[in-house]
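Participant: Positions annotated as domain 'Histidine kinase/HSP90-like ATPase' by TrEMBL: 42-192. TrEMBL lists N57, D88, S109, R110, G119, Q120, Q121, G122, I123, G124, I125, S126, K642 with the feature ATP binding site. The coiled coil annotation in TrEMBL covers 652-679.
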Amino acid sequence: MTSFQSTLGEESGIAEELAENQQAISIAEFFEKNKHMLGFDSGARGLVTAVKEAVDNALDAAEEAGILPDIYVEIQEAGDYYRLIVEDNGPGLTKESLPKVFGKLLYGSRFHVREQNRGQQGIGISAAVLYSQLTSGKPAKITSRTQGESEAQYFELIVDTDENEPEISVEETTSWDRPHGTRIELEMEANMRARNQLHDYVKHTAVVNPHARLELREPDAHFKFERATDQLPEETEEIRPHPHGVELGTVLKMLAATDSHSVSGFVQEEFTRVGKKTAESIIDEFRDRHDGREMRWRPPASQEEIDLRAVVADATANKGQEATSAFAGAIADAVDERDRIAHHELREMVADAAEAAEADHGTTFGDTVQENALEAVWLALVDATDDDEADSNDADSRLVGELYDLADEATSTRKDDAVVHAFADRLAGMFTDALDEDVRQRLTQRELREYVDRAADLTEEYDDVAFGDTARENVVETIWGVMATVPDEPPLVRELADDRDAASDLIDAMRETDIMAPPTRCLSPITADLVEAGLRKEFDAEFYASASRDAEVHGGDPFIVEAGIAYGGDLGAEGSVDVLRFANRVPLVYQRGACATTDVVKSIGWRNYGLDQPGGSGLPNGPAVIMIHVASTNVPFTSESKDAVANVPAIEDEIELAIREAARELKRFLNKRRSMQKRRKKQNVLGKILPEMATKVAEVTGRDEPDIDDAIARIMNNVLVEREVEANGDAKAVSVVVENNSSTAERLEITDIVTAEPTALPDDVTVVEMDGEWFVKWEPDVGSGDEATLEYEVTTDASFDLSVKGVETEKLTVKQ
Ligand SMILES: Nc1ncnc2c1ncn2[C@@H]1O[C@H](COP(=O)(O)OP(=O)(O)OP(=O)(O)O)[C@@H](O)[C@H]1O
């Protein structure tokens, strides 16, 4: 005991004294002291967070009401403070809800809703009000007008931190030129040191919300982001949780709150994607965990000389010979028809046989008779034949034989036969012993594993052989595979609600059952096309790629990850790439280093995708932007300030897959670019050397100089497009020849622009005249090593101009 402890022990009433100091803390007081948790840790950051909270709310509210958002943000210098004004054209707030929305923490419409929203906790805007009143001492000034109302409501209020309730100082009606919407005015101690973050937030919000019009006016800048589309994002719908990944506490709460009585009703009513069939599969999985499975044995083979009729007849008394024999025969035949039988299956067969015998012979085969027959047949199946020659060793030979077959099937061929037999023998002994405790031989998978482990340990010990983990696991799996799920009714919901272990079995069962991915109507991904369009709008790059994954689930909430990459062009080549992070269409500005998105980007081997990555890990270098969007009904953030996505493995996996999908396209682009660069270099060298060689050769041989273009095209495996014009009487015969020297088939788009009307054209070309010029368009498919020719005529002198598309310039030689 320490001296401090001894003092404590001697003084009576110290606990009471300490207890007097204990008191409840209001949530508002708590956040007042822990402003950093909500993103208000400094003046610079506080301003950005306040803008973010107000703009996110405005977007949420307008979209929810089906209104194209039009948001105006203004930051003014106001003496020692900064004044923030945010106006939206959303549906507005009623007189009753407005004070609570702005003057009470943890008050909101989204916390209990399983639907993708920017807001989640109902803290954001009231925290901004709290920050403003703490730093400037001024109340928040809110104007709001709901649709159809002739006047707007005006409030001045603060948060009463003791009570966490709004304290209203002014409440009146006013006129406002917006037909509907909300205007917030907050004064706060702030500075513009985080101007870049503020601009990034607004700019990136515009990238992922092309349907919104945003305007930002601050002391030194004024931006307008016009909307790029009049299409609101698909309306989202609320959904129930998905059974994959829900946690025990949540399920216990749901069990306590549900109106369903049965587990089947519960899983169908409370979860998404669970119909009757899925519910049955979940319950089967639950039974496997909660009740275990029953061992199924083979019926006796004919050579075993087990006479089941005699066994049943011996166990049945006083039912008359005819009826008894019909009863026994029906059981024996039913057993004989099966591949394997579990105890509960045999029980059903006996009941069926009793019913049939009763119907045919008028004799009742009641419960006791059925029980006797069941026990006798079951023991004959699992125990032994009672045949005269059987000695005690043969007593379990049926089980040994069957378990030997199963173990043999499960283990590698390298295992010695005698060893497998010895193992099966030991395992059979355990099954036989189990009969004393539970004649049905019900085992959970864990119990079966214990049996197998024990038998394997003994085998290792006495037979001096290895019986490794894989072999053990295979044996468990094989035996578990032949065991039967039991038909027992699962406990009622109210029993489950009080039974943690059983509820946990239900969660495992839900996890193990194949269940369709959750519906995505509750999510509003940006879509791959718009991810790319957003990047194009914002970054002048050379290459863009994007990927949008299918929905997955974490903690019962569906989520979708999207990724995009922009590369080259005007993007800065110095230093590491830019990572743009978004959650539910909201740009994440702070805590980049603590975000799962950044962690995943760092963990990818970017050299493999053609980017420079010093040391082979960490952020890659180069002129690239990597964008990641996580959309979910519940984005797991690292803190209430919603700056960084938490390290949830299921989400990290999807982030990685989405990035890799886009990165593969980048790799293809970079590889191609590299090979084209090589080609260009080689072609340049050839273009220099060949003419000199040609001249020399011509000089030496006294012949004409060979055609250089043709030669280059062949050496470089290029596609050569060549036009020739020959006089043909008064007319001119024109031919355009395509010679494909490359190793792949090519589809070209050739336009010959002619200043005279072309005639004698083949059918597969189109001609359009514009201002005295004729555009002859021809689209030949030319196989590798093949040639194609277009021929036509012009009657007068003309000039020509060939344009060729469909083949990279590096692979093309045009001669005209
Ligand atoms: N501009 C607005 N127009 C209409 N309703 C609004 C507006 N701003 C807030 N609300 C309503 O007030 C509620 C509370 O907003 P608040 O910012 O406190 O929390 P939230 O957005 O729900 O969650 P979070 O704390 O994650 O931001 C919202 O859920 C919404 O119903």
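Quick reminder: no glycine exception, Cβ is built from N, Cα and C everywhere.
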Participant: What same-chain residues lie close to the coiled coil (652-679): Cβ under 8 Å, and 6 or more beyond its ends?
Facilitator: 543, 545-549, 552, 559-565, 567, 596-597, 599-601, 603-604, 606, 608-611, 624, 626, 628, 630, 716, 808, 810-811
Participant: Give me the mean pLDDT over the coiled coil (652-679), rounded to a whole number.
Facilitator: 93
Participant: Return the residues near I125 (ATP binding site) by Cβ distance under 8 Å, restricted to its own chain and a separation of at least 6 in sequence.
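Facilitator: In sequence order, E53, A54, N57, V101, F102, I184 meet the Cβ cut-off.
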Participant: Using only the residues recorded as binding ATP (N57, D88, S109, R110, G119, Q120, Q121, G122, I123, G124, I125, S126, K642), report the maximum Cα-Cα distance in Å, whole number please.
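Facilitator: Across N57, D88, S109, R110, G119, Q120, Q121, G122, I123, G124, I125, S126, K642, the two farthest Cα atoms sit 22 Å apart.
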Participant: So if I draw a 10 Å sphere around the Cβ of G119 (ATP binding site), how many other Cβ atoms end up inside it?
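Facilitator: I get 22 for this one.
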Participant: State the count of C-beta atoms found within 10 angstroms of the C-beta of S109 (ATP binding site), not counting that atom itself.
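Facilitator: S109 (ATP binding site): 14 neighbouring Cβ atoms within 10 Å.
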Participant: Counting Cβ neighbours within 10 Å across all chains shown, tell me which of the binding-site residues N57, Q121 comes out on top.
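Facilitator: Answer returned by the neighbour count: N57.
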